[in-house]
Each structure stands twice: as C-alpha cells, then as structure tokens.
Amino acid sequence: MFGLKAKSTKKVLGSIPKHIGIIMDGNGRWAKKRLKPRVFGHKAGMDALQEVTITASELGVKVLTVYAFSTENWSRPQDEVSFIMNLPVTFFDKYVPVLHENNVKIQMIGETSRLPEDTLAALNAAIDKTKRNTGLILNFALNYGGRAEITSAVRFIAQDVLDAKLNPGDITEDLIANYLMTDHLPYLYRDPDLIIRTSGELRLSNFLPWQSAYSEFYFTPVLWPDFKKAELLKAIADYNRRQRRFGKV
C-alpha cells in the first residue's frame, strides 16, 4: 500500500515507466573528487542503489534492471574487479532484509560461469529468499554484455533449427526475445521504457541493445553515488514530457 506521500508523488509525475534500466556510472570519479580510492565510490554506489530501488518500488515500477558489471569490466585493475565482485555479498547481506520487507524480488541476467563462488552464492541466496515476492523485480545485469547475449540467442536458435525443433520461418522478433536473458521477466515488462545513464556519458555501453529499441533515454551528469530519490523523480518527470511513438507518426 502506498503512503499518502508516494500517492501524491505518482499523481504529480504522471505515467510511471514499468521497466527502468540504469547504467550506474561514475563511482570512480565520485571517489576521485573526494581524494578517495575508486572502491570507495563503488561502496557509496550501493547506498544509492538501495534508495533508488525502494523509491522505484513505492512508485509502482515493475522492473528495475541495473548494469552492475559488464563483460568488458574484467579488463579493469584486478584489485578493483575483486572488490566489485565482493559487492553483491556486501549489498545483499546489508540490504536484502529491507528489500524483502518491501516485497522486492531479486533476479539477474548475465553469464554466471566467471563469477566467484561467494558472489554467486550470495546472489543465489538473495534470489531464493525473495523468489515469492510479488513487487518490483530488481534485476541485476552482472557479467552481462548485450552482443554476447544476442550471439548466444542466435546459437541456440540455430541449434534448434538443426535439431528440427524450429523451422526458419518460425523465427520472429517475439521468438528471438524468448531466447534472450530477459525471457524470465513478465512479458509486458521485458523491454525498458526508460534507460538512465549517470555521469554524463552518452552511450549504452552494450546494455540491453535488443530490448532498448524503443526505450526513452535520460542522460544526467550526476555521478551514480549522488543519484538518489530526487534524481530518479527528475528522470521520470522528463520521461513524462516525451511522446512515445514506437515508430509511428
């Protein structure tokens, strides 16, 4: 049940995007501005994620997909990668109780084979604990790359054609979507309505390239650790000033 403040905020904002994707960028620069190591920014980014998740849940957002670690991020310094890989352990230990209380369901997309055992264990434990929740889906894109996702889907489709499980004529956009990592999401909410990128960068960085075909984009110079409730509301207000045409006039 929404509180009076949440209901009032929804009324002012107008239409709430059902699926929001966020490219959480700027942790390192945020730390550098404070003369701190990059890992300090990643830690601060966890607090921002918790606040944004609860806010999105209160507003009635159905899916929040966050770009936590890309397939390209393995090329970063090893000590930073190790710290980032431990963040899910810390995040879930600290925040799963409050997310669970708010009926948030945790899921993920990405290739799990390279994830450290403790990272994967923490993720699976959080998924299992919240699997019966019916509220917002907090969908972590962890070791995720959009091109790799599409390549994998093509391979599976090709194999099914070879195995006579599919005819080439059966291949449609909807069928391809069923082979993507987002196929576990509710059908109506698989594609983001709004994609937000923080830190002033103006690119997708391999984030949901198929699913974002008709997404609205919001780029902000705000660094991720500073992206809290007020910034999310600004992004949604901007989204409401758009007219989504989906290729039509």
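Note: Cβ is positioned from N, Cα and C throughout, glycine not excepted.
Noted in Swiss-Prot for the protein shown:
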type	residues	note
ACT_SITE	Asp25	active site
ACT_SITE	Asn73	active site, proton acceptor
BINDING	Asp25, Glu216	Mg(2+) binding site
BINDING	26-30, Arg38, His42, 70-72, Trp74, Arg76, Arg197, 203-205	substrate binding site
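In this structure the C-alpha atoms belonging to Thr71 (substrate binding site) and Asp25 (active site) are separated by 15 Å. Annotation note: Arg197 (substrate binding site) sits in a strand segment as assigned by DSSP. Of the listed binding-site residues Trp30, Trp74, the Cβ environment within 10 Å is emptiest of other Cβ atoms at Trp74.
The CA atom of Arg197 (substrate binding site) is located 7 Å away from the CA atom of the residue listed as 'active site'. Fewest other C-beta atoms within 10 Å: among the recorded positions Asp25, Glu216, that description fits Glu216. With respect to their backbone Cα atoms, Leu204 (substrate binding site) and the residue listed as 'active site, proton acceptor' stand 14 Å from each other.
Residues within less than 8 Å, Cβ to Cβ, of Asn73 (active site, proton acceptor) and separated from it by at least 6 positions along the same chain comprise Val81, Ile84. Here the candidates are the binding-site residues His42, Trp74, Glu216. The one whose C-alpha lies nearest to that of Asp25 (active site) is His42.
All chains included, 17 other C-beta atoms sit within 10 angstroms of the C-beta of Leu204 (substrate binding site). A distance of 26 Å separates the Cα atom of Gly28 (substrate binding site) from that of Glu216 (Mg(2+) binding site). Residues near His42 (substrate binding site) in space but far in sequence (CB under 8 A, at least 6 apart, same chain), listed by position: Asn27, Gly28, Ala31, Glu80, Phe83, Ile84, Leu87.
When the binding-site residues Gly26, Trp30, Trp74 are compared by Cα distance to Glu216 (Mg(2+) binding site), the shortest distance belongs to Gly26. According to its DSSP assignment, Glu216 (Mg(2+) binding site) is in a strand.
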